[in-house]
Amino acid sequence: MQHPTFISVQQDHYISCWTLPIISSTRGENQKFTTLETLLCPPANESKEVVEVTVSVRGPDLKKIQIALKNISFVLQKKVNVTVIVTPVSPWYKRYYWAAYEESVLVTADSNSDICSVLILQNAKCPVYSELSGLINKGRYQTFTRRAGMVAHRTEFPDGVHVIVLSLPDDDACILNPLGSHYNNTRDTRTKTVVLEVYDHATISSTWYIFCSTAIILTIIIIVATTLISAMIKRTLSPSSVSSEDERPMLGESAMRPSYHVEVMEGMYSAGGLQHRQNGRPLSQGNSHFSNEQEADGIERGGNEDGIGHVGRRGILALDTPGGIEGDNPHNTQAVVPVHSPSFLPATTHAPVGESMDITDSFNPQIVLWWKSVAVHEAGTAEAQVSEVGFQNSLIIMGVFAALPTSELLRSYLSMVLHHGKEDQCFWNSRCLTAFGFLPDFARVFTNYGYILLGVAFVIIVKKHKNLTSNILKQFSAKNSVGVTHCYGLFVSLGYGLIMQGVMSALYHTCPNSVTIKFDMMFMYVMMVVAVVTIWGLRHGDVTHHVYPTVITVGLALLVAEARMWLSREWFWGLLSTVYVILLFSNAVLMSTYGIWSFSLSKLWHVWSAWKPIAEKLKNVMGEQDTSSKPMQVARVLVGVGSNIGLIVYGNLGDPDVYNFILIVCLVNMGLYFANYVMMKKLSFEEKGTMLAWVCLAFSILLWIIALVFFFQRRSDSERSPADSRNENSPCDFLHVFDEHDIWHITSSFALFFFFVALLTMDDDLCQKSSQEIKVT
């Protein structure tokens with residue numbers, strides 16, 4: 001810059017200096033400002049003041065300089081809006097004087113322009129700096145485009161508040177991805193009109209009764225709901241009296257059905273039992289032996305009299321089938337049962353050490369029936385119980401080790417906000433803040449109380465349900481057990497998940513931003529996975545071990561989500577979609593054929609290496625040449641695959657936040673699987689369910705609808721820039737302290753609670769029905 005002009009303005013106690021023109025470099029381009037306008041700090045306790053203006057010009061050229069000095073309104077009054085016009089070199093400010101009774105006020109700024117600006121609050125002392133660096137280092141500030149709001153506390157600004165507005169030379173500070181933006185940063189576009197206003201601010205001292213009343217009401221509702229649910233469960237699960245030991249076989253109906261005895265020995269596979277007919281012809285008599293390539297390892301685990309079937313050293317398996325008793329068989333001959341062994345054992349339960357069945361060839365449903373029976377027995381063993389308790393403990397450990405770094409991170413963020421005034425660190429609804437202690441946004445933290453208390457209530461209900469179920473099962477031996485298999489460890493884990501979700505959400509709302517939200521979402525993923533595995537375990541025995549690989553897979557997906565920052569949109573979604581499709585179709589085949597899901601590489605390879613017979617099977621089913629599959633079975637597979645393909649298309653076209661996308665995938669698949677379970681139970685199996693389960697499910701659906709309505713009325717968005725997030729800010733709509741997100745917290749916590757209760761009690765109508773008669777989904 002050649003031949004600048006120097007201007008200084010001297011007051012009685014202060015002096016201000018500028019150099020014209022002012023050059024601002026933005027993205028390699030220089031912006032030249034030849035005009036500035038500023039407010040001189042008024043003298044304290046003086047009615048008159050002498051102002052001296054000095055102009056110094058360098059260079060031989062003559063220059064025309066226009067200087068004007070005029071009186072304007074300087075004071076900002078409550079509920080009286082004031083309009084100011086600012087540029088990057090001409091900040092504008094007003095002074096607010098405290099009333100005698102005031103402890104805090106809310107200062108707001110509104111504009112119709114998208115030009116990036118800063119709102120700054122300083123203690124009302126002179127001098128007021130005109131440069132950005134001097135402004136932001138002397139008080140609190142936040143960036144904004146159309147809307148801003150900050151709470152000023154008297155303890156922080158004892159002499160009053162200087163409210164300062166300044167537009168920035170460019171918009172980089174207000175956008176999430178400055179490199180990908182295109183803005184016109186010329187001087188003509190950097191002039192911004194802003195409306196300032198001051199409002200009363202609700203403090204904890206004036207609103208404490210609202211929080212206390214809300215806590216008391218929530219507590220009463222939860223206690224009443226827990227009491228009623230427990231009473232209804234007790235009524236449903238009251239054990240029926242059994243008059244004598246002779247009636248016990250009748251309850252299990254084990255004496256009314258014959259058994260097939262399948263012997264699994266080294267090098268052979270034989271079966272004996274009643275004669276069956278196939279295609280109108282009697283089956284050949286005798287034993288059938290398989291070659292060494294099809295041999296099965298015998299079950300080494302010893303059995304006892306109370307075991308399922310006859311599980312002994314020789315590995316004899318007893319499979320009950322409908323029909324007449326053996327004594328009524330007119331042929332009374334031994335027939336060969338055609339046993340086609342699966343290439344791998346359906347992983348429907350925890351296989352104890354020493355028990356393995358590496359059988360080749362095709363799938364045999366009889367093995368699944370036997371395995372389910374063993375699963376029912378194994379669920380009551382110490383090994384299975386240790387597995388369930390182990391996952392509960394793992395969940396607690398996970399929560400503790402997640403909360404510790406989150407707390408340390410939040411302390412750092414709050415230090416930047418409270419001690420250095422950098423309010424861009426936290427994405428609050430700035431127009432609805434109620435501070436309490438070190439928590440600037442206490443209301444958002446407080447409403448997570450429902451998650452924690454409802455989690456405790458659900459754990460109590462699960463314990464009650466477990467005790468009542470145990471009282472029923474005491475009347476039966478393992479051989480003629482009744483009801484479905486409840487993996488109570490997983491149900492307790494759901495209660496712990498609710499508690500940890502409340503804790504992590506409270507920590508997140510202490511200072512919400514794009515980093516802390518990852519901790520808030522973590523237990524959402526865990527609860528969705530545990531819920532799916534819990535539904536699966538109702539009719540498949542102890543499946544606690546299914547949780548670990550599934551959670552690990554989701555965790556790996558979350559790690560992959562970080563690659564979005566380093567890969568282009570096309571490459572990232574292309575690779576993610578490819579892996580998604582492989583897992584989708586592999587598990588669709590496993591679920592429809594073997595009744596399991598798995599992320600094991602060996603099982604995935606098994607599916608894709610046998611694609612020809614699978615494709616032929618699918619072709620025949622779709623062409624109605626193969627009618628072995630019921631329409632309901634085909635429809636539910638198509639709905640599941642189609643829904644997930646829709647999610648893949650949404651991801652590729654919409655490019656959503658990957659963490660939210662993975663959460664949506666978990667939620668959709670959990671909903672699909674639960675809907676499938678309910679439809680199969682009600683339509684295919686013609687089971688009634690319990691009134692409690694249906695009522696809780698109806699409450700859950702209603703509350704979810706209400707919760708989602710409020711959830712999508714966002715009042716902040718931590719996935720956007722701080723300035724864009726503030727555009728969503730709005731005043732408190734409920735009781736002057738709560739906003740829509742607080743209603744989301746309360747309604748979603750109750751929705752999850754009632755859903756988990758419905759899940760727990762859905763099959764209580766089968767509590768007196770023989771386990772062997774309960775169909776497997």
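Cβ atoms here come from the backbone N, Cα and C positions, even for glycine.
Sequence-remote contacts of a segment are chain residues at least 6 beyond its ends whose Cβ falls under 8 Å from one of its Cβ atoms, and for the transmembrane segment (208-233) they are 442-443, 446, 449-450, 453-454, 457, 460-461, 464-465, 468, 691-692, 696, 735-737, 746, 753, 757, 761, 764. What TrEMBL records for 208-233 (among others) is transmembrane segment.
The region 'Disordered' annotation in TrEMBL covers 277-307.
The compositional bias 'Polar residues' feature in TrEMBL is assigned to 281-293.
The compositional bias 'Basic and acidic residues' feature in TrEMBL is assigned to 298-307.
The transmembrane segment feature in TrEMBL is assigned to 442-462 (among others).
Residues or ranges marked as transmembrane segment by TrEMBL: 483-509 (among others).
Feature annotation from TrEMBL assigns transmembrane segment to 521-538 (among others).
The transmembrane segment feature in TrEMBL is assigned to 573-597 (among others).
The transmembrane segment feature in TrEMBL is assigned to 634-653 (among others).
Residues or ranges marked as transmembrane segment by TrEMBL: 659-679 (among others). Sequence-distant contacts of the transmembrane segment (659-679) (same chain, six or more residues past either end, CB-CB distance under 8 Å): 517-518, 521, 524-525, 528-529, 531-532, 535-536, 538, 554, 557-558, 561, 632, 636, 639-640, 643-644, 647, 650-651, 689, 697, 719, 759, 762, 777.
Annotation source TrEMBL lists transmembrane segment at 691-712 (among others). Long-range Cβ contacts of the transmembrane segment (691-712) within its own chain (Cβ-Cβ under 8 Å, at least 6 residues beyond either end) map to 229, 232-233, 236, 678, 740-741, 743-744, 747-748, 750-752, 754-755, 757-758, 761-762, 764.
The transmembrane segment annotation in TrEMBL covers 743-762 (among others). Here the transmembrane segment (743-762) has long-range neighbours at 218, 225, 229, 233, 236, 444, 447-448, 450-451, 454, 457-458, 461-462, 465, 486, 491, 494-495, 498, 502, 505, 527, 531, 534-535, 538, 674, 677-678, 681, 689-690, 692-694, 696-697, 699-700, 703-704, 706-707, 710-711, 734, meaning same-chain residues at least 6 beyond its ends whose C-beta is under 8 angstroms from one of its own.
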